[in-house]
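Enquirer: A single structure is presented below for examination.
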Amino acid sequence: MIRLEKRKEPSKFWRIANPFLAVVLTMLAGGVMFAMLGKDPIVAIRLIFFDPIFSETFGSYSRPQLLIKSAPLILIAVGLAIGFKANVWNIGAEGQYIIGALFGAGVALAFFPAPGAHIFPLMVLAGALGGFLWAMIPAILKTRFNTNEILVSLLLVYVAERILAAMALGLMRNPDIAGFPGSRDLRRYEAAHNAELFAGTGIHWGVVAALIAVIFAYAMMTRHMLGFHIQLAGQAPRAARFGGVAPARLVVICLGIAGALAGLAGMFEVSGPGGQVRIEFASGYGFTAIIVAFLGRLNPFGIVLAGLLLGLTYIGGELGQMMLQLPGAAIQVFQGMLLFFLLALDFQTNYRLRLTKGVRA
Amino acid sequence: MRKSLLRLEGLTKAYPGVVANDDVSFDIGEGQIHALLGENGAGKSTLVKMIYGLVKPDAGQMTLRDQPFAPAQPSDARRKGVAMVFQHFSLFDAMDVAENVALGMENPPPLRDLARRIRDVSEAYGLPLDPTRLVGELSAGERQRVEIVRCLLQDPKLLIMDEPTSVLTPQEVDILFRTLRKLSSEGTAILYISHKLEEIRALCDEATILRGGRKIATCDPREKSARELAELMVGQVLHPPERPARPMGDVVLSVDKLSLHSNNPFGTSLKDISFSLRAGEVLGIAGVAGNGQDELLLMLSGELQAPSAQVRLKGQPVGHLGPNARRKRGLVSAPEERLGHAAAPDMSLTSNALLSASERKGLASRGFIDWPATEVFARDIIARFDVRTPGPHVLARALSGGNLQKFVIGREIELDPDVIVVNQPTWGVDAAAAATIRQALLDLAGKGAGVLVISQDLDELLEIADSFAALNEGRLTPVRPARGLDVEEIGLMMGGAHDMHVAQEASA
């Protein structure tokens, strides 16, 4: 008979090994899925995980794409991970990302077509502020009325999507091109354009911001009382109160940081790779970032690796659609499987399976 | 010599890394009240769990009335006449007494019949209990009666009681003892687990002493002094704490007519609490669990806030301040629950040192933590309070209860406070560690700090307190000098026994 036994201490080995194992299992299960779709699994897996970087044909296009796709994931996931550590479950980063983009684009469109070096910094501030304010809705509802932040933040994603559509069709629509939804292309407005900083690398201000966020988050979580209090609140809420942590303040801080970072990610996207406010602007980064945060073990540097990996699946998924006519949903299935396998494997971090002889009731 | 009821032979049980019971053998006679005595971690619980079918021995056997006895699960044990009252009750607050009793039975009779049987048994044994009352409204002592009556309905041959008096007032203890003696005289054997020596000497016919998983001795406790029993139990000579005479200083902490609503739905609200504590004084606050001890500690630590002027520290109003602001002004505290409240279980001792010391020890500047200095501080605590651990990197939950308690109390004492408030400082702690902690508190008072000890252990309070009060349903009695108080008076201060007159009628 198989029995579960709780480990005395969580296994350090499995904590580190599980993300890698989850990737391998995802590849295997993905291969089976592709085989069932009638595609050659080895070719498909190679196309998704290796060709974007190593292929001669696609590499020059997709290598810079890697940073472009990964940066928002990392930026958002770093913020989410801080909250997750404190048991504050912000599931609505997608909404904060959208509102951040709208705030940033709003500043740009308000100044259009004036030149000026102050415009882009203002957009950055506006983007962070937008995400922050959107995250304050679940924060205040939670601290005031004890609502569940998971539900509120998630449902606000759909509200944000509606606002995005309304903006693309209405207030922010490009007045120069009649009949088309979508704002002006910010890439054509120099003062607001989040351009590539080094040609051919994909590095834009969002990538820089992601790096800074990673370093700051790491320093805060390991060296600062705030990080200590966040971990304390997550692990032992009563001990946190004894240590002088005000739980309500912590909820506001965690949601605020995550919201601001998600808003920044949205703003860098809309002013750079995305280019304009469109109905289909939101591409699920806010949700994928949840997977990134867990796959990276809520550790800022782990999140960098996980963000790069999931960025890769975005690009590989596009390649797969182009080259093998894989369905577009395949990549979401892939990302979902990754989280699924990780959570399943994490069970053995805290428990071990035991084979026992005899029967016990 | 009585006829043997249950014989244990060579019982051994090992867990990874620790041998909980090593070759334990003894006999329990028919109708005997047999004490099982030992410190925490001596192996009492494991042994009892084997008898009750919760744990399977690795080696050794048991015989019950000359029949092999190897219960695979508690229901086997119950069928063969072994019943157990646990230290922690398994009762549902929202159900009435009869419903709770029915839940524990395999084939419960109709509730009306059951209620009548509960009434019969509770009257026969002097344990007044109304089967229609909601368990949520009962005192701890009454809840224990529910558990006992539940066992008695099975007509057991052996009744196991795990630390039954820890939740009782002295008067309730008397009632319980009368019941147990009556059961014994009717032929029911009782295995009585405790570390309270005077109780065992008053009640038990025979005592088996465990230490480190082994049987040390089986003796007649009435022929030994409490001191001798304690030394058998601990394995070393014990020194009672020293109480140097010391002058009392000014009032350092005062609470004035404070009422505070508990934020916990099953908590106890504080009602009209007033007391004052002087520098150098040890004030002991007694009370049965759940009478407002937690709320009193939270109110003093700053985790619950009060109207500012009703709590004063060295004359300054502090009621509105949070825990860190109070620490900064010299008021520190150590809550009852070590794991999860006084310390974070999954954090290292170094992190746990930081938990309450960052302010007074200056371990963080502008929010940035000085980890090396924090580690040094953790090492200091470990060294000064003899915390047995490989080092400050160890997780709090890996420490034994006594060691973690020494660490937690040591941490607060090292902060050099003007006032320290502790709740249950030696609960579940071995005797040697308890002596260290009590001595440390007395030394702190000797240096001029005000010490407030909330405890359910009366012996502890009588040993260290200068003055004494009791909490009863959220109210605090007037403070009295501890000298000259006897246990009877203290019991009355703690609220006496619930329904005691009924009990006396019933047992008369």
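Placement of Cβ uses the backbone N, Cα and C atoms for every residue, glycine included.
All TrEMBL annotations are machine predictions without curation.
Annotations for this protein, taken from TrEMBL, read as follows:
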TRANSMEM  A:20-37  transmembrane segment
TRANSMEM  A:66-84  transmembrane segment
TRANSMEM  A:96-113  transmembrane segment
TRANSMEM  A:119-141  transmembrane segment
TRANSMEM  A:150-172  transmembrane segment
TRANSMEM  A:203-221  transmembrane segment
TRANSMEM  A:242-265  transmembrane segment
TRANSMEM  A:285-312  transmembrane segment
TRANSMEM  A:324-345  transmembrane segment
Enquirer: So which of A:66-84, A:96-113, A:119-141, A:242-265, A:285-312 has the most C-beta pairs under 8 Å when paired with the transmembrane segment (A:150-172)?
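Expert: When the Cβ pairs under 8 Å are tallied, A:96-113 comes out ahead.
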Enquirer: Counting Cβ pairs closer than 8 Å, which of A:20-37, A:66-84, A:119-141, A:242-265, A:324-345 has the most of them with the transmembrane segment (A:203-221)?
Expert: A:66-84
Enquirer: What same-chain residues lie close to the transmembrane segment (A:66-84): Cβ under 8 Å, and 6 or more beyond its ends?
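Expert: Same-chain contacts beyond the flanks: 52-53, 90, 93, 97, 201-204, 206-207, 209-210, 213-214, 217, 220-221, 227, 230, 234, 254-255, 257-262, 264-266, 268-269, 272-273, 285-286, 288-290, 292-294, 296, 298-300, 303-304, 306-308, 310-312, 314-315.
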Enquirer: Does the transmembrane segment (A:324-345) make contact with the transmembrane segment (A:20-37) through 3 or more Cβ pairs under 8 Å, each pair 6 or more apart in sequence?
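Expert: They do touch: at least three Cβ pairs between the two stretches lie under 8 Å.
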Enquirer: With CB pairs under 8 Å as the measure, which of the listed stretches A:20-37, A:96-113, A:285-312 comes out on top against the transmembrane segment (A:242-265)?
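Expert: Going through each listed stretch, the top one turns out to be A:96-113.
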